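According to Swiss-Prot, the protein carries these features:
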type: DOMAIN; residues: 405-463; note: domain 'SOCS box'
type: REPEAT; residues: 119-148; note: repeat 'ANK 1'
type: REPEAT; residues: 151-180; note: repeat 'ANK 2'
type: REPEAT; residues: 184-213; note: repeat 'ANK 3'
type: REPEAT; residues: 218-247; note: repeat 'ANK 4'
type: REPEAT; residues: 251-288; note: repeat 'ANK 5'
type: REPEAT; residues: 292-321; note: repeat 'ANK 6'
Amino acid sequence: MSNSDYLPDYPLNSDLVKRLKSALDAKDEERVRDLICTEITPVDAVIELANDDWMKDPSAQLPTGMLLGDLDHLKPLMDQFFQDANVVFEINKDEMEWQVKSPATFGLSGLWTLEYKRELTTPLCIAAAHGHTACVRHLLGRGADPDASPGGRGALHEACLGGHTACVRLLLQHRADPDLLSAEGLAPLHLCRTAASLGCAQALLEHGASVQRVGGTGRDTPLHVAAQRGLDEHARLYLGRGAHVDARNGRGETALSAACGAARRPDEHGRCLRLCALLLRRGAEADARDEDERSPLHKACGHASHSLARLLLRHGADAGALDYGGASPLGRVLQTASCALQASPQRTVQALLNHGSPTVWPDAFPKVLKTCASVPAVIEVLFNSYPQLCLSESWKEVIPEEVFQMHKPFYQSLFALALTPRCLQHLCRCALRRLFGKRCFDLIPLLPLPKPLQNYLLLEPQGVLH
């Protein structure tokens with residue numbers, strides 16, 4: 001049953017809902033508990049917290065004649081809001097709502113929807129969402145249905161979203177369905193999305209939740225959700241309960257691929273690295289391709305994550321793999337280098353080249369120079385992977401003047417090599433690297449050479465070229 005089929009016991013304009021919304025907005029937990037436990041009847045009452053149906057209470061007073069093709073109504077609106085008959089409409093997800101042109105909408109105008117959008121809930125869902133354990137116990141004791149979900153999500157879903165383990169356990173003890181699907185096709189395990197929800201996931205599994213259940217339009221398993229969110233402890237729990245480490249979602253991704261593709265804040269990188277190491281130890285395929293033929297290494301390089309790239313390369317990832325678009329991992333990191341300065345993208349380039357990645361076709365080097373000009377360390381590492389590269393003075397034109405001045409010593413040393421053979425030391429480096437091939441990273445540190453010379457062989461950037 002969709003939420004449009006429910007008749008709320010407490011509609012949006014009722015006095016109780018107004019007081020409840022006021023308490024929720026003010027974060028007055030005591031008042032919320034009091035309203036839920038003492039004033040709302042019956043125990044499974046349907047409460048309407050929002051109603052955006054424009055036909056009932058439109059934010060823009062659109063005349064009904066417009067829907068009927070009434071030209072007399074259409075012309076004034078066209079004259080007032082847009083003159084271009086081919087106006088582009090801004091659509092948010094699957095809905096269109098009327099918007100007047102304004103700087104906030106960047107000049108785009110939206111339209112309207114006939115969809116009946118409401119936010120319906122129950123006292124139990126509200127209590128579970130806010131972690132009011134005593135209130136949940138009280139409502140269940142009065143016979144509240146633990147699986148009621150008039151708004152599309154049940155109390156278990158709400159408790160898991162909030163990471164309220166005690167509420168989850170109470171609901172499960174009262175026979176809540178641990179695999180209840182929301183209107184979006186998500187089970188409670190799919191909503192264990194934060195570190196605080198680990199106890200919720202544990203309780204769900206103890207009560208028979210399926211660790212392999214796919215959900216939502218993405219057809220993700222709980223392990224995919226944990227991987228996308230960088231939740232290493234959740235992943236450990238799911239794997240211990242029999243989750244398939246290389247299960248595919250609707251985009252053809254494994255959990256490892258999903259983990260490598262998710263954007264991370266700097267403080268999340270360590271946790272993501274632990275998660276990926278765990279998946280690889282449990283047998284995850286390091287080179288698994290998704291529907292676009294992208295490997296986990298492609299995705300790690302797309303974020304210039306050198307520590308993650310090195311981890312994958314140590315587990316056998318192919319440094320020269322090509323996706324459907326013909327892009328290699330090296331190509332991916334070069335595309336993102338100028339936007340990921342804090343990630344030290346030269347480290348990722350260095351790791352790929354030391355594990356056998358083909359370098360860039362010489363004729364394409366000016367394009368790389370243009371793209372990565374603001375990251376001279378990337379240019380240095382890549383340039384040193386060629387025994388000899390014919391430079392042209394015309395290449396200076398692709399470097400913005402302010403960038404050239406900011407990194408003047410490096411670019412002066414680069415163009416000083418135009419029409420000049422590289423030094424013997426560099427040519428010896430290239431000969432050794434060609435001999436070791438994709439094992440440079442493993443074999444060069446074994447050579448009886450001083451550390452600075454080993455670093456030189458491994459293309460460690462020095463700031464200038466010789």
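Any Cβ shown, glycine's included, is placed from N, Cα and C.
Tertiary proximity for the repeat 'ANK 4' (218-247) is limited to same-chain residues at least six positions away from its ends with a CB under 8 Å from its CB atoms, namely 187, 189-190, 192-195, 197-198, 201-202, 205, 211-212, 253-256, 258-259, 262, 264, 268, 271-272, 274-275, 278-279, 282-285, 288. Long-range contacts of the repeat 'ANK 2' (151-180) within the same chain, counting only residues at least 6 positions beyond its ends with a Cβ under 8 Å from a Cβ of the stretch, are 3, 118-122, 124-133, 136-137, 140, 186-189, 191-197, 199-204, 206-210, 213.
Panel annotation: around the repeat 'ANK 1' (119-148), residues 3, 6, 8, 20, 24, 29, 32-33, 36-37, 40, 43-51, 154-156, 158-159, 161-162, 164, 166-167, 170-171, 174-177, 180 of the same chain, lying at least six beyond its termini, place a Cβ under 8 Å from a Cβ of the stretch. With helix defined as DSSP H, G or I and strand as E or B, the repeat 'ANK 2' (151-180) counts 17 helix, 0 strand, 13 coil. When pLDDT values are averaged over the repeat 'ANK 6' (292-321), the model yields 95.
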